[in-house]
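For reference, the structure discussed in these notes is given below.
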Amino acid sequence: MIRKESSNYSDLEFDQQDLDNIDNAAQQVDKPDAAIADLLHDAENWEFSDEEADYSKTTRLITRRSRPGYERLRVIEINDGYFDNKYEKRLKCKRTKSDDLLMVILSDDWLECPVKIDDKIHVTGEFDINTSSSQEPISNDRTIRVTAMNNLIILHPDILISVTKVADTAFCSRKALISERIRTVGEQKSKALVYGNVIHEVVQNCLNDDGDFSEKNVKKHLGTTLRIYLADLWESDLDFDASFAECIQKLVRVYNFGDTYFGDMPKVNAEIYDPRSYNDPPTLAINKVCAMEEDIWSPKYGLKGKVDATVQGSLNLKSQGVVNDVIMPLEIKTGKTTVGIEHRAQTMLYSMMIAERYDSTLPSGLLWYTTDNSITRVTPLRNELRSLILKRNTLAYHMTRKEPSQFLRKFNGHDISQDVPDIEDSILPPTIDNTHGCPRCFVVDACMLYKKAIEGPPNERECDIHQLVNEKTGHLNTRQLDFFRAWEELISIEEDDANKYRKHVWTLDGHEREAKGMCFSNMSIRQSTAPDSQVVIAPTTTYKTDFVYVFSKGDLSPLPSTQIVVGDAILISIEPDLVAMGRGFVLSMDQRNITIGLNTPFNRAIFERRSDLDGSPAHGCYRLDKDELGSGMAAVRDSLASLFYTKSNERARKLIVDLETPEYNNEDIMSDNDEKAYNGLNKDQKSAVNRVINTKDYALILGMPGTGKTTTIATAIIELVKRGKSVLLASYTHSAVDTIVRKLEDTSFNILRLGQKSKIHTDVLKFALTADEKVQSIDDLDSLFMNPPVVATTCLGVNHPLFTKRKFDYCIVDEASQITLPVCLGPIRFSEKFILVGDHYQLPPLVRNDYARKNGLDVSLFKRLCDHHPESVVSLAHQYRMAEDIMLLSNQLVYDHKLICGNDAVAKQKLELPNAIKSEKSEDETWLTRVLHPEFSNRVTFLNTDEIPARETIHGDLIENFGEAALVASITEQLINHGVLENQIGVISFYRQQNRQLSTRLKKYNQVELLTADKSQGRDKDCIIVSLCRSNTTGQIGELLNDWRRINVSLTRARSKLIVVGSATTISNSDKLCKFVQLVETKGWSINIPPDALTGCVFPSMSVKSPLTASNTSPSFVNSSSQPAVTKSRSNSPLKSSKRRKTISQSPEKENKKVKKEPRY
């Protein structure tokens, strides 16, 4: 039966004859390694006839060689059946970067590989392939056979699966996959786990000390490590001294490890266990430790993992002689000494990945059990690796296995446009239905929830664990099961979208990624240092880095335009195939150099071993990718799933899912003392605090721009603590948390700030947990964790040990309207009542996937509850930020005139220019005079750029406007020249690349803050300049300028002066911005910039080049009437704005047309 390329998967079903043929064929196929457990059983009696390594005496095992065959293919047709009396599965494939056709033939146990049409595969091994056009028939010399003895096939290779998870599939694939999807927090660690982690770190530290395992050194490291793990000891109710005594007993056997196994050549007593040589065991010498906790990504094999230690050593294989310079993974196991199936499987796969990274053959790995100080040599054989790859492929299949579903449409009660494809539900492997093992499994709660909510209720006659399912999910009603299913599906869709960006790091070459603005390719190291202190990357943020590398282009050319900015996380790779060999942060950038901070140096052993490198890190061809891989969806799923477990808060579930009405006390609880404390609050703020204290369930505070929500939250916390209540303060960002904590720093009660010190504001560090200063014992830690009435952290920071023991009376979540519902559930599950503070008329939660956004992932819990229970909302309407003219914009466009100036001083404030020219208004005044002069200018000014050379330029995924950037820079410089302080000015653009242009032009004004619209919420300045950037003749404004919430945020950041720069004809294609243009024209706040406005302005040459079009890279403005060319054949001729706006105002229905998708940068 042939299955051909199709977008409709419904026609891919087998008929009964096909199934019968497969069953008959399966009985004829020899499958000696169908299960890992069977494969690894009775290891001492294995045969080793398929071991191909031929070690000769005194010869070097690791040799420079060409890399093995490796084809990346897309399956376009599947034909399975009998061919020459043998059952085969034939895959007609295309190379992913050409139309070359190849045939891949699967036989033997590879028939189990669940490959489907359109799947991506990697075929690895030794083969020579001729290329072919798609028009030619496929000949034998373009056919790859994957058999029991030859080659491997990797299914869905872009899904990097943890080696640990692959090893865990020996007993239950479902458990392995659920533990990958859900990272459980709030569960107490066992004593064995804590001790295991401590001992593991101690022996790693001793390995790093050149193998010094003396009693003195072991005890030194044990004491230090136990102090680091004090929180885990506290969590597990363990005593420090008792823990030290127990751990040292487990470490006694390793005292002689260094003397035995470290050295240049193997010692006689340095024997290791090898099932191949039971009667004549090999001996080992570890020459050096190459890396510790080496993080390896292998897109070739679809695997990832952290190797405990990578060592270089020598093996005396007795009859085969001494083999030198072997690079091997050393896996450290601190528990029972039985050589377990999972441990062997881990070591095998790590050996394969180490061989790929170090460009070596595949000798073996080492498995070290510290309890009895024994080392086992694990030699990966063909059968074993094949079985493990098949297990890995099955996991990958289940991670992408999907079936068409209309559930979300049904759940949300509406349909969406037909051009949106069907979204599919991820399906887990089946339960193993083990009545003894399943109830004791650590993922049993999640497993049963998925079984009931996603897969449907089990049939009692067919399911041995139906009672367990009912025990774990019987408390959930149909609405609650549907709710979990819908939100789990939305999370999965968003996660799939994030994975698409992840794979670009290895599926696109450096030039392609650079053209998209996501990396710097062809980079070289110019300088490296090891600083002794922290590096400041922002006025209030430090990043602790141990090693600093300065990169520049190999040809010393200027750095191109990218989305990478200071503070971004970076992946460092060596082209073409050494992926993610380092991770760090951008510390600084200039026109030609980018400085990266890392916590570990580059592993020199890689450079010394690989034939394609010259022995030194300086000679690598580096690529710096923006790291967007930390989606954190496992923690998000846990926050969602925890709402539905048997031990969860039933009342919270009814309020959030079933939308039951919250309850409140109705009394006015303000005493005379309270009134005194509330003296600084207006009536809205007092009402909000009163609602917080009165709630029995939850309260919602709508904090409009500048209305003092931070003050309100701080006052509410003070009043709650005064009444003996405990409060968990949370938000999505560290900065929002710290802003509120800073308001509380003069209070008399204790505050604990959780989180990484490098992410915490310097003024708040005194509230952070710092073991060196505050904690000397577990009792100290218990006091520090349990006594403070206020604990502050981010929503994703609730994985701290504190939350295994502590629940709070209240949880207050700031920026709640910007947080997705599942993320918001994270902190509020640890409280009895919750308070959400936000403004859903400003930025919504950031969601990448269009389908997920349209189906509700960007609907925050705050908005959900506001919409269903508006009576629970207390609005803060008195604002103390904006002058009344600035406030008018958002009042008329968004808030229906609900905003009120807090007092006359706020309403009438005006930007002061100390150095302004005191001149009379005249007929020949310039446009700049009208913008700046205190007598002639307005608090709001719109500068229409239609008549000047200020068209947008698009290259790759980047959008910028050179002319507009020059104009904004000119205005900024004039403001500063006229006495406005740099830190009083903020510049906002909707596009990161436009901010990059502005940053280049305003480099000497380092206190002028440059922000994207998304980063500007919560900030304010005396003067704000907004660069709208879009200017074209087709009326395209894209998604960002069509988002009225982003517009609202940008227009409400200024206190006394707002300057908006943009093309009236272009932005009038947005409903809100068209109304904005009409409003500013009616008020006389609009200025048409004359054609010669930029003449005579002198700015530095651009520091960046377009990756695509050289003609777009060099405007240094100016003395030219021309403008940068607009790509995509856009005309540069400006339109008459009045005519254009008249047309649009007569045809508002055009606003409903589908918006052209654009880069969201």
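Each residue, glycine too, has its Cβ placed from N, Cα and C.
Worth saying up front: this structure is predicted, and the values here are computed from it rather than measured.
Record features (TrEMBL):
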DOMAIN    98-312  domain 'DNA replication factor Dna2 N-terminal'
DOMAIN    681-770  domain 'DNA2/NAM7 helicase helicase'
DOMAIN    786-847  domain 'DNA2/NAM7 helicase helicase'
DOMAIN    857-1064  domain 'DNA2/NAM7 helicase-like C-terminal'
REGION    1109-1161  region 'Disordered'
COMPBIAS  1111-1122  compositional bias 'Low complexity'
COMPBIAS  1123-1136  compositional bias 'Polar residues'
COMPBIAS  1148-1161  compositional bias 'Basic and acidic residues'
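Counting residues per DSSP class in helix, strand and coil order gives 45 helix, 16 strand, 29 coil for the domain 'DNA2/NAM7 helicase helicase' (681-770). Across 681-770, 786-847, 857-1064, the stretch most heavily in contact with the domain 'DNA replication factor Dna2 N-terminal' (98-312), judged by Cβ pairs under 8 Å, is 786-847. If you average pLDDT over the domain 'DNA2/NAM7 helicase helicase' (786-847) in this model, you get 95.
Per DSSP, the domain 'DNA2/NAM7 helicase helicase' (786-847) is made up of 19 helix, 20 strand, 23 coil.
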